[in-house]
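The next block holds one structure in the form of C-alpha cells; read it before the comments.
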Amino acid sequence: MTEEIKSNQPAEDEIDLIALAKTLWDNRKFIIITVAIFMLLGVAVALLTPKEYTASTTLVPQVSKGSTKMGGLSSLAAMAGFNLNDMTGSSGELSPMVYPQIVKSVPFQLELMNTPFCFPENEQPVSIYTYYTEVKETGFLEGLKKYTIGLPGVIIKAIRGEQVTSDPMTSDSMTSDYITLSKEQEKIRKMLSDKVNLEVNDKDGYLTLSATSLDPKLAAQLTTKAQTLLQNTITDFKIEKAKTQLDFIQERYNEKKNEFENAQATLAQFRDRNKNVTSALARTTEEQLQNEYQLAFEVYSQLAQQLEQAQIQVKEDTPVFSVLKPVTVPLEDNASGLTILIIFTFLGAVIAVGWIFGKEFMAGLKDKWDTVE
C-alpha cells in the first residue's frame, strides 16, 4: 500500500500537458479576443507614434608611428594627439573616455540648442529652442498627455503666468561663472541629451556619434553639427597652451616689429640729414642709432622665428579626426510598425494565457482551502 502511494505521488506532481492544452482550447475564444484587442492597440500605437530616424557617423584615429603597438584606447587617443602613457603628467591631455561627457555638458547642448537648422515645416532655418517654444505644434499623443496627465501642470503655469525665454544665449545663462537655465531650456536640454549620443569603443578604437529626430534630414544635420562642436571643443582644449603661447609671442612680435621699424626709420632720417657731416658727435650719434637698430633687428628676427615655431606647434597639436563613416540621411525609421504589432500581439497572448492559468490556479487553491475546512 505504501509503495502504491509512493508510485502515484510523482504522477500527481507532474504537469499534465494534455490538460493544459485542453484548458487553452476551452478558452480559445477569450484568447482570440484578447489577442485581437492587443493587435488593434498595436496598430493604433504604430499609427499614432511618430517615426524617429537616427543618423550616425564613425570617427577613427590617425595613429602615429609611436603608437602602433598600443591598445585600442591609446589608438583612439592618438586621434586627438593624446598620449595615454603620460595622462597624469601633462596638462594638455584629454582622455577619449571624457568625450561623451562633453556631448552631455550644458555648454555643448546650449550651443547645439541655439544653432539654426532646417525644419520641414519652416522655410527659413530656426534654432531648436525657437522651434520647440514658438513654432512646433503639439502632436496628438503629446496633446493628449498634456491635457490629461499634464493638465495640473498646465493650470499651474497659467496661474503663475510663466514666460518663455526668447533666446537661450541672450539670457543671463552664459553671462556669469555659473549657468542658469529656464524650465524650457532645461526641458530642451534633456531632450537633446536623450537624442544626441556618443559611444566610445575603447577596444577597437573608434567613436560613434549619433542623433535621433522625427525628420531624417534634421537627424543628419544634428549629427553633423554635433560632430563639428565636438571637434572644436577638443581642439580648443588640446591647443589651449600652445595657442596662449602663440598669442603672447604674437603680441611681443608686433611690439618689437614697431620698435624695429621706428629704429630703422630714425637711422635713415639721421643719415639723410647728416650726409656731409663728419663731426665726432654725428658719428657717435649714428653709432648709437645703428646699435639700437641692430638690437631691435635681432630681437625682431628671434621673435619672428619663435612665432613661426609657435604656429607650427599649434598645427601639430591640433587634433585630427578621420571619418570612417560619414553622416548620411537615414532612409528607415528606428522602430517599424510591424515590430510594434508583433510586440503587442505577443503581449496580448501572454496576458490571455496568464489570466487563464492564473484563474485555474486560484480556483484549485480555493478548492483545496475549502477541503481543509
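Just so you know, glycine gets a Cβ as well, placed from its N, Cα and C.
Features of the protein shown, as given by TrEMBL:
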type	residues	note
COILED	239-287	coiled coil
DOMAIN	13-90	domain 'Polysaccharide chain length determinant N-terminal'
TRANSMEM	30-49	transmembrane segment
TRANSMEM	335-358	transmembrane segment
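Cβ atoms under 8 Å from those of the transmembrane segment (30-49) belong to residues 24, 140-141, 335, 337, 340-345, 347-349, 351-353, 355-356 of the same chain, restricted to positions at least 6 beyond its ends. Computed over the coiled coil (239-287), the whole-number mean pLDDT of the model equals 82.
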